[in-house]
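Below you'll find the structure, written out as structure tokens, and then a few comments.
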Amino acid sequence: MKRVFLMILDSLGIGSSVDACKFNDSGADTLGHIAEKCFFNEANVQRRGSLYIPNLIKLGIVKSYQSSTGKYLLGFNQKEDANIIASYGYASELSSGKDTTSGHWEIAGAPFLKDWYYFKEKDNSFPSSLINKIITKLKLPGILGNCHASGTEIIKILGEEHIKTGKPIFYTSCDSVFQIACHEIKFGLSNLYKICENIREILDQNKYQVARVIARPFIGTNKSNFNRTGNRRDISMKPLSITFMEKLIQEKQGKVIAIGKISDIYAGVGISKNIKSTGLYELCHTTIHQMKSAKNNTVIFTNFVDFDSVWGHRRDVSGYAKGLEFFDSKLSEMIDLVKEGDLFILTADHGCDPTWKGTDHTRENVPILIYSPGEEIKFLGHRDTFSDIGQTIAKYFSLSDMKYGKSMF
């Protein structure tokens, strides 16, 4: 029986990549800086002391980090990672961006080698011609925002006006994204989704290569209690080249079970079943449940988004550390479900250093940890592209070769 469990710890970078200077990210180090803050008791909100992740250590995260940075994680010693059970290494990104879509597509063997379209202006971010087309087609009373913003902050600033006027809040960031925030009840979730779908069509028709249109629903009655809900939806471009998931379905009649926002990231392409799940607790338990029932030629593919969206972007070191420790506590259950012949792969899609300036992603190397009971444990080295993961999975399932990447086994 052949099964792959592919876990994306969204934003768990392990040190700035060689090209980080091009992104003003030299020195960024998501895992390293979290461990440092924990070690010096500067991340003690709802937790205390050094970062406690024994199961990630067992899979080789400390060795992976050390090989990426040349440094040792503060708060850990060499004895702790002496009994590693998985092969470990790290990878640099080939794609031109440091965003969710680029990272995930590349992991699946389809790197994005062109340039995304970015809305670079901090104010009046979206071209007036584009806004006019959207307003006209959707018969909107107007829009609010039209700027770079933090999603949690802009609803505090404009949420009340949005409720009064019915104007959706448009905003973006340094990533290739078009985000729309609307009140889930007053405006309506289905109306928000419909707007996002239409904007995706307009962008595609007008040759804007924008990675994602993101619905950002929120609830509350005023700026003091507005909160985003779990009903976010990402409407992505479709991958520009074939992924290992498509090959598995086409060549082996296999199944790809997408958990969390995975299906949205790939625009539903190469996905057999989409399971909606939000929050770290629910994502962990849904993943464990699906692992228990996974059949032959199946991939269980989960994105643990909270590391990025809840703690990374919000620069919450304590929250990120606490999240890692919770995930680690559930990781032991996942490891116990991996049988001989299975592949359990843990990696990330980019960095989002919670100690870094601003609120954006950081260009970093990512860990590659591969656990397969009974297989030889080895150092996987420095991989030049995340696509080595996709190629490894393709070879494991005896699929035709991917265009990008080299198998690690």
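The chain as shown is numbered from 1 upward.
The backbone N, Cα and C atoms fix where each Cβ goes, glycine too.
According to Swiss-Prot, the features are:
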type    : residues         : note
BINDING : D10, D349, H350  : Mn(2+) 1 binding site
BINDING : D308, H313, H361 : Mn(2+) 2 binding site
Cβ-centroid neighbourhood (8 Å) of the Mn(2+) 1 site, D10, D349, H350 excluded: I8, L9, S11, L12, T100, G103, H104, D308, A348, G351, C352, H361, V366
C-beta crowding around H361 (Mn(2+) 2 binding site), within 10 angstroms: 31
Mn(2+) 2 site, defined by D308, H313, H361: further same-chain residues with Cβ within 8 Å of the Cβ centre: D10, S11, S309, G312, H350, C352, T359, D360
Collapsed DSSP category at D308 (Mn(2+) 2 binding site): helix
Residue from D10, D349, H350 whose C-alpha is spatially nearest that of D308 (Mn(2+) 2 binding site), among the binding-site residues: D10
D10, D308, D349 as binding-site residues, winner by CB count within 10 A: D349
Winner by Cβ contact number (other Cβ atoms within 10 Å) across the binding-site residues H313, H350: H350
Collapsed DSSP category at H350 (Mn(2+) 1 binding site): coil
H313 (Mn(2+) 2 binding site) and D349 (Mn(2+) 1 binding site), distance between Cα atoms, whole Å: 14
Alpha-carbon distance [H361 (Mn(2+) 2 binding site); D10 (Mn(2+) 1 binding site)] in Å: 10
